[in-house]
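Below is one structure, written out as structure tokens, with a few remarks after it.
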């Protein structure tokens, strides 16, 4: 396992399956992933009132697209659907590890310890910057069968969940970056406009 969020997001060596979808994908993602500057990324998502086969199909397609793009997390708004749905797999090098499908996730507790870690995003390709977040969280959600679940998360998983949940509220990780010089430099290098960042610090 790599030491940085961005390194993990760049690596996808495995021969396993996840939700019957090969973790190693090649070519263009199955679904188009919206980029910084697209309005859909700034909208609040709506709760899913019924977990049915259409939601499970969407989750499978999101996983396929996430693996193809060599990511470790994807939120529905990133593919233009403003619903509270996330897919995450921080262990995609482990063929036996199952991905997480989080429906209507809600963080119920944040740990008091904060740490800074490098993040990247499939909606802002090529940009990797440090973001400060709580290192542990507790959350509740529904799984792909609609069953209520609770879990604790720490480390990379906790960070990835927080990162993807931000998307449900129209927030991107660049909005949380405190070093504006580094932010503007990275955005310019990758062809993004700093005016599309909405700082929340």
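Any Cβ shown, glycine's included, is placed from N, Cα and C.
Listed in Swiss-Prot:
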ACT_SITE  164  active site
BINDING   121, 163, 167  Fe cation binding site
REGION    1-21  region 'Disordered'
Residue 121 (Fe cation binding site) to the residue listed as 'active site' - Cα separation in whole Å: 9
Env. residues of Fe cation site, Cβ within 8 Å of mean position of 121, 163, 167 Cβ: 73, 75, 78, 119, 122, 123, 164, 166, 172, 173
Same chain, 6+ residues apart, C-beta under 8 Å of the C-beta of residue 167 (Fe cation binding site), given in sequence order: 41, 45, 75, 76, 77, 78, 86, 123
Close in space, distant in sequence - residue 164 (active site), Cβ under 8 Å, 6 or more apart: 73, 74, 75, 86, 88, 102
Among 121, 163, the one of these binding-site residues whose Cβ has the fewest neighbouring Cβ atoms within 10 Å: 163
Residue 164 (active site): secondary structure state under DSSP, collapsed to three categories: helix
